[in-house]
Structure formats: structure tokens, C-alpha cells
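Student: Reproduced below are the annotations present in TrEMBL:
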{"type": "TRANSMEM", "residues": "39-56", "note": "transmembrane segment"}
{"type": "TRANSMEM", "residues": "103-123", "note": "transmembrane segment"}
{"type": "TRANSMEM", "residues": "144-173", "note": "transmembrane segment"}
{"type": "TRANSMEM", "residues": "179-200", "note": "transmembrane segment"}
{"type": "TRANSMEM", "residues": "207-227", "note": "transmembrane segment"}
{"type": "TRANSMEM", "residues": "257-275", "note": "transmembrane segment"}
{"type": "TRANSMEM", "residues": "317-338", "note": "transmembrane segment"}
{"type": "TRANSMEM", "residues": "363-384", "note": "transmembrane segment"}
{"type": "TRANSMEM", "residues": "413-435", "note": "transmembrane segment"}
{"type": "TRANSMEM", "residues": "455-474", "note": "transmembrane segment"}
{"type": "TRANSMEM", "residues": "481-500", "note": "transmembrane segment"}
{"type": "TRANSMEM", "residues": "524-544", "note": "transmembrane segment"}
Amino acid sequence: MNAPAVDRPAAGAPAAPGRAGPFIGTGALVRLILRRDRILLPVWLLLTWGTVVGRADSMAATYPTAEEREARFDEVMVGVPMFKLFQGPAYGDDVNALTAQEAFAGATLIAALGAALLLVRHTRGEERTGRRELLGSAAIGRHAPLTAALAVVLGAGVLLAVLCAAALIGYGMPAAGSLALGLVCGGAVWVCAAVAAVAAQLTENPGLAGVGAYSLFFALHFVRGASDLGGEGMHWLGWLTPNGWLQRARPFADERWWLFLPVIALVAALLWAAYRLSSRRDLGSGLLPARAGPAAAPASLRGPFGLAWRLNRSAALVWLFAALAVCLPTGYGGAGAMEQYAGGERMRVWADAMGAGRPGDAFFAYIAFAMGFPIAIYAIMTVLRLGAEEGGGTAETLLATPVGRLRWAAGHLVFALGVSALLQVAIGVGFGLGAGLHSGELGADLARMLTVTTALVPAVWVMAGIAMAAFGLVGRRAPAVAWGALVVAVTVEFGQHLGWPEWLFRVFSPFAHVLPFFGPPSPITLTALTLVAAALCAVGLFGLRHRDVGAR
């Protein structure tokens, strides 16, 4: 159901002279967003700020002597390539430069995640639920919702930059470097918010818009990492990504202030595109509209599993294609890059600790582990599609037929579990084919990579199980529980690098039990995780069976 392109004031309430326009009502919407997200917004900012400040607080204790800091610098730049890939290179061996190097990845990725989800939540998400159309009956301009969401998220980015800079200065770090690192964090918010603003105009699906925007930022983070890992011959690649610009601003190491200019230019261009696209589409629709279905449903669509396939297949195919497209060249290039690190003492120590037969396997195991979190996002998003169907009323219509609740929910659940496992297989196939083409040992490389990547499947299933349990038990609060669980898992994973107790990671994240650095997971561990996932799914199905559908 589409509303007119130009919103009208409420009946009997004439617009105030001089105030009519596409941005009318922006201030009121800003206040509404701040009220709705009065908990979520501070928590997100606190997590990002804490990642930076926690690293600054622990750095001097972790590397108290110049010799230890120099050894850490050598480890990053020469010894262990995973540091360059995930965290970026170090531009100095003093406490300040090492703080920036270790804080960069965690801070920018958490900052970008919150920016994408919040921006889409208050733009495309409002249109999907119908609240935007209700607001359109009042004096709300066409561009007011997008402008209000951008004002809040971009303003949060500025606040984050100021808070990070102030905290680092409070620790006695140089003001210039502190401000630069704060701007790096704020820049990540701005870039991902701008990407999400464009994505929200392209697709009708808020989940696809938010996850797509963040996945692009996440992928560019690894493009930047590949450029640093590949040496001088690949250095140019990092200059093509905003992640590379932010990292090469070099806080605490002869700051390159001019690199914030292309970041601002990119954000401005994306925002201009978002507003232009917003002007060209109808409310509730996207520029990539959903195709009209056939007049008669095929036989495969006459059951809940066929319906789950029909609703989720496009996203699944995109994720599978993206996994292969990213992992195949990564496998080929990574195998070549690891040849120059394989003989290093530190790399052998890491490989031994991870139980890897070859140093290259340790490298790919870490990449696969990092990709487990985006796959968990996919699994959670697919399970929560049940909530969208219930909130939109389609679930009640479907359940009025001979389809039972458990069959309806099981269709989406099985799809989420199956495709998330298939994605891990696709990652292993991509790594294995790429590495095998480089080494000539295709069969052996493929088998080893599949062993590494499929070991992560039970951890992803646990996250899907949490989403299912939340949907069955708490209904409309399921998204907060499911996404909150993922945020906690990501936070404690970063926290272990900040010196947090290991038990926090093991208790609050299923990924701790498949972390490569703790060694290859045993069959008992994998079985236990699978049983936990099954129990969570059973709890969710039981709860759904005993609550009112629609009474969320």
C-alpha cells in the first residue's frame, strides 16, 4: 500500500505559513527517535567508546617496557599476518601508536554496526511497519524521517569522536592523536550511516538494507586488510576504501588530516544520492521493487517449507554468492601471502597453539572465525522473519489454514540453520579452491579448509537458537534479545583483547568454544553446542505453541 509522494497535513490542521516543505517536522521526529532509543543509543556509544578507552587503559600494563612494545610492533608488522589483516599495521612502537592500532578494528566495526541498524530502523523500518504512513497524515515532510534519522546518527558520530578524544587526552595522550582517533571512530559512523541511507532507498526489506550496508563496510575492512597484507604491490587497494582512508590517517604517528576530506566527500555524495533516490520512489516501495508473483502458486509453495524458501531464497543466494566471491580470491591470495610468513617463529607458535598443521591453516582459520559473526547475523535475521510475518498479519492468515504453528515456524528455522551451515561450507570451498589453485594440492587444501569452517556451524546455530527461543517466549521483544545476544558475543570477543577475563568470553559467547587460538574444538564441544542449539530451538517452539499469535 503506497502513500502519495507528497505528504499532507492532517485534516482540519492547515500548514503554518512558510513552514510547508519536505523537511517539516524533522525536529519532532528527532525528539521521537531520541526517546525511542534512549537506551539503545547510549549502549551502542558506550560499547564503542569502551573499546577505545579499554585499549588505552590496558596498553601500558600489557606492554610496560620498550622491549615488549618493540616486540609487539615486530609481531604486527612481521611475525603474525592476521594482525595486519584484522587490526591493520602499526605506525610506531610507542604506547600511543599501538593503542590506535589495536583499537581501530573493534571501534570502527562496532561504530558502523550501530550506525547501519539505527539508520535503517528509523527509515525503512518505519515504512515497513506502516508507522511512516500514519505519520504522513500529520505535518511531516517527505524527507523529514530520513533527515531526522541522519541527524541523530551523524550527531552520535560527532559525540563519539568528542568523547573518545576527551578520554584519550585524559589518559595523557597527545591531543592531536587523540582527536584523530576520535575522528576515525566518528568517521566510521558517518560512512556506514550514509551507505545505509542509500540502501534504505533501494530495497523494501529493512533487514536487507541494514545488513547489506554493514556487510559492505565489513567486506571493505578486509579489502583494506588484504592491501596491507599484500605488501607494496597491493598497497594501492587500500586507497580505494573508506576503511583504508580512516586507518591511514595514522593517529599518534604524524597524522594525515587530509585523509578525512575524502571521507567527508564520500559521505556527502552518498547523502546526496539518498535524497535523490528518496524523491524518485513511492512511500513504502524501493527502487528495486519486488516482482509480481505468478497467478497460481506452484506445488512447492503449498507448504510452510516451500513458503520459507520463497521468502528467503533471494537473500540466501546473495549471501552464498558473496561468500564464494570473497573467499575464492582470499584463498588464492592468502596462500601466496602466507609463504613469506610461514618460516617465522611467531607464526609457527601461533599455528602450534591453534593445532594447525601449517601456518597458512592458522591464517584461514582466523578469517573463517571472523566471518562466523556475519553468518550469525544472517541466521538471526532469517529466524526473526517469523516476527515480521506475525506483526504484519500474514501469520494469522496462514495459520487459519491447516498449517500448524510448529510447521510454520519450523520452515523458517530449518531454512536458517541449513543455509547458515551451507554458508560455512561455501567459505571452506572458496578458501580450499583458492589455496588449491595456488599450491596445486586441490583435494588436500579443500578437505582441510572445510574441516576448519564447518567447525563453526554449531556456534552459529546457538545464536539462531537464541533468536528462536526469544521469539517463542517474549514475542515482540525477540529482536532486542537476539541482537543483544550477538552484540554481547562480539563485545566479549573484543574484550579478551583488552585483557578481560577469559571466562566472560566462554560464558557469554558460543564462539569462544570454537575460537581457533584455543585449539581445534573437540567432538564433545561441537556436540554440546549442537545440543544447546537444539534445546534453545525446542524452547522457542514450545513457547510459540503456548502463546497467542499476534499477542506480542
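Cβ atoms here come from the backbone N, Cα and C positions, even for glycine.
Caution: TrEMBL annotation is automatic and unverified by curators.
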Student: Given a Cβ distance threshold of under 8 angstroms, which distant residues of the chain, six or more beyond its ends, lie next to the transmembrane segment (179-200)?
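Tutor: Sequence-remote neighbours of the transmembrane segment (179-200) are 48, 52, 99-100, 103-104, 107-109, 111-116, 118-120, 123-124, 146, 149-150, 153-154, 156-158, 160-166, 168, 206, 208-210, 212-214, 216-217, 242-243, 246-247, 249-252, 255, 257, 260, 263-264, 266-267, 270-271, 273-274, 277.
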Student: For the transmembrane segment (317-338), what are the same-chain contacts with Cβ under 8 Å, counting residues 6+ beyond its ends?
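Tutor: Same-chain residues near the transmembrane segment (317-338) but 6 or more away: 81, 215, 219, 222, 226, 229-231, 359-360, 363-364, 367, 371, 375, 378, 419, 422-423, 426-427, 429-439, 445, 449.
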Student: Are there 3 or more C-beta pairs under 8 Å linking the transmembrane segment (524-544) with the transmembrane segment (363-384), counting only pairs at least 6 apart in sequence?
Tutor: no
Student: Going along the chain, which residues at least six beyond the ends of the transmembrane segment (39-56) come within the CB cut-off of under 8 Å?
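Tutor: Residues 99, 102-103, 106-107, 110-111, 114, 118, 152, 156, 159-160, 163-164, 167-168, 171, 173, 181-182, 185, 487, 491, 494-495, 497-499 contact the transmembrane segment (39-56) from elsewhere in the chain.
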Student: Short question: most Cβ pairs under 8 Å with the transmembrane segment (207-227), which of 103-123, 257-275, 455-474, 481-500?
Tutor: 103-123
